[in-house]
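Asks: Straight out of Swiss-Prot:
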COMPBIAS  110-145  compositional bias 'Low complexity'
DISULFID  27-55  disulfide bond
DISULFID  35-49  disulfide bond
DISULFID  39-56  disulfide bond
REGION    109-157  region 'Disordered'
SIGNAL    1-20  signal peptide
């Protein structure tokens, strides 16, 4: 039983090691030559392969070797793009932010004058407050028990 297992292991390893050497080695440009010890009469030796083998190339190229077709020429004039949606999309393709939007850099209360392009500070008008407008009427608190906020600030100082 041990000899049988050892035989299977050796056969498995041999097939893994020698897979590349079962077919003849190719050489020269686009693998049109074969590595052999001695070239045939219809072949010519061009250079040497490994292990003292000659790279033999047929004198007359046979039809069994098919060359790759040349790549088709692409004329840039024939390529057209559809620019119909250029006006509708103004953002960047990554962030999808609109490039036409500008952010307002002025502070609150400042306006930009178009003549000089300088910020002007405007103070909002002060509102006059009365106790009736600041204090809403309620059932629990009356105006006598709780003074308006402007009077409480003056009395606690």
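Just so you know, glycine gets a Cβ as well, placed from its N, Cα and C.
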Asks: May I ask which of the disulfide-bonded residues 27, 49, 55 is closest to residue 39 (disulfide bond) if we compare their C-alpha atoms?
Replies: 55
Asks: Work through the disulfide-bonded residues one by one (27, 35, 49) and name whichever has its CA nearest to the CA of residue 56 (disulfide bond).
Replies: 35
Asks: Please list residues from the chain of residue 55 (disulfide bond) whose Cβ is under 8 angstroms from its Cβ, counting only those at least six apart in sequence.
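Replies: Long-range Cβ contacts: 27, 28, 33, 34, 35, 45, 46, 47, 48, 49.
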Asks: Please report the number of other Cβ atoms within 10 Å of the Cβ of residue 35 (disulfide bond).
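Replies: There are 18 of them.
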Asks: For a quick check of packing: other C-beta atoms within 10 Å of the C-beta of residue 49 (disulfide bond), how many?
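Replies: A count of 17.
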Asks: Within 10 Å of the Cβ of residue 39 (disulfide bond), how many other Cβ atoms can you find? Include all protein chains, please.
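Replies: Cβ-Cβ neighbours of residue 39 (disulfide bond) within 10 Å number 18.
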